[in-house]
């Protein structure tokens, strides 16, 4: 969330950010509720002082009539306090709800747009493969190479679940090991994180849906959710702590990810591209305010290194205002070339990295001491290292050959133990 003083002092900036994101929020209502809350707190303080004064007088040696009068006054004050405290509770709940809706401000270089078509392409890297045969999509390859089974998964678990089989199992594990080893070599602390988080942590990370429907699963009769990303559990790791940020804290977390993906159907969402469960390695960093921009660029550089070493053609996008999540100050996406996408080939999102500044840490009370010994809220940066399902799509579709098999990128062979997946009759 944003600091209330910052909102008051930069009201036009905050309103422009809300409008640029395509959100409809009444920021003046938030200010009104904050003013009302403060007035109620002041009134409650004044009434408590009167009540204490009234109680002190009752300790004195008084005649019966005056004592009865003080008792009646005490009852009136008590009732007034109860009413005001109940009103304060209602106003505070409304205030918190409105406060959580306010998104982060935007970096000055975020493109202003009204759809994903307005995302700005920064560059393209790699050569898109030219086949002298009709390439298959990953669903055909998964069937012909006996790697994927959606039909049995649909019977057992429902739509948008899948079985990985045979070499695809080792390919997923190889991608995880490849990315975790790279991040460890770059100084990241490596974690396997819980797949469940408590509601206040999910809320603190700021997963604000545009509609009323959350994209993650709540566990019935609990305050817990299945995580949609280990950003949630890594980001919550230092909840309510003052941390040492002499150096940035870089973390890499492996987790399963669970998402509802309601309404996600059609050619562009088929197969492994948009599923209810997948595995992912996430990068996360806690740093000082002045370091988050550099860390954000560092995360993008690591993502580019990963896809360059995997030999997958990709492009980098600066994400426009409409396409940003509420916590993000700035976001980059990498989209990989997928020859089977939409029947003719196209780029599909495989990673994102976001600088969330102190938007998340303010909710989660994660602080550090600056050089003057003052508590400051940490800046938090996140980014995908590997989301296995979409990278498997890219590998199968880009490295297929005329014999119907698939070559494994050289950087993965030491992790898979094989360099080729042959066609199976």
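The backbone N, Cα and C atoms fix where each Cβ goes, glycine too.
Since this is a predicted model, take the numbers as computed values, not measurements.
Residues or ranges marked as L-serine binding site in Swiss-Prot: 229, 230, 231, 282, 384. The annotation ATP binding site is assigned in Swiss-Prot to 259, 260, 261, 275, 349, 350, 351, 352.
The binding-site residues considered are 259, 260; of these, 260 has the fewest other C-beta atoms within 10 angstroms of its C-beta. In the three-state DSSP assignment, the secondary structure recorded for residue 229 (L-serine binding site) is coil. Across the residues the record lists as binding ATP (259, 260, 261, 275, 349, 350, 351, 352), the two Cα atoms farthest apart are 19 Å from each other. Largest Cα-Cα distance over the residues recorded as binding L-serine, namely 229, 230, 231, 282, 384, equals 10 Å. The candidate set comprises the binding-site residues 231, 349. Of these, 231 has the most other Cβ atoms within 10 Å.
Within 10 Å of residue 229 (L-serine binding site), judged by CA to CA distance, lie the following binding-site residues from the set 259, 275, 349, 352: 259. Note: the CA-CA distance between residue 384 (L-serine binding site) and residue 351 (ATP binding site) rounds to 5 Å. Neighbour density around each Cβ, counted as other Cβ atoms within 10 Å, peaks among the binding-site residues 275, 350 at 350. The Cα atom of residue 349 (ATP binding site) lies nearest to that of 282, taking the binding-site residues 230, 231, 282 as the candidates. Considering only the binding-site residues 261, 282, the Cβ with the fewest other Cβ atoms within 10 Å is that of 261.
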